[in-house]
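Record features, source TrEMBL:
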{"type": "BINDING", "residues": "ASP7, ASP92", "note": "Mg(2+) binding site"}
{"type": "DOMAIN", "residues": "5-117", "note": "domain 'PIN'"}
Amino acid sequence: MQSFVIDSNILIYHLKDDVGVTKSLNEWLMGGSKLCISAITRIELLAAPVMREGEEEKILRLLDKFVMIPVDARIADTSARIRRKYHLELGDSIIAATAMLMDSTLVTRNIRDFRKIIELQLLKL
């Protein structure tokens, strides 16, 4: 079974009705792939400073389709090493550590920030 960690920006594109992103997510879900998100992705999506009526419920329904991986000590420690070595933002380092420790491919539109991490499997969508 394929396993993917979905970056926050992919879900944002999906919420903005990006046809390519939505098609890929649906294919993976229907094909039985394991789709995960980091806890930080949940926070980033729900912490939007402005939400229209009904938007939070829409986001929660979307998030329910993914396996949420909590930040445990292993992810926190790996994230700290990634952040220190590659100078990533905290959220990006947590998402990268999650993908690495889950032995999953990180799906993102933000290849630039992640490509320097040689241990990380990446897929640009």
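Just so you know, glycine gets a Cβ as well, placed from its N, Cα and C.
The Cβ of ASP7 (Mg(2+) binding site) lies under 8 Å from the Cβ of THR41, ILE95, LEU106, VAL107, THR108, ARG109, ASN110, each of which sits 6+ residues away along the same chain. Across the domain 'PIN' (5-117), DSSP helix (H, G, I), strand (E, B) and coil residues number 67 helix, 14 strand, 32 coil. Close to ASP92 (Mg(2+) binding site) in the fold, though at least 6 residues off in sequence, lie ASN110, ASP113, PHE114, each with a CB less than 8 Å from its CB.
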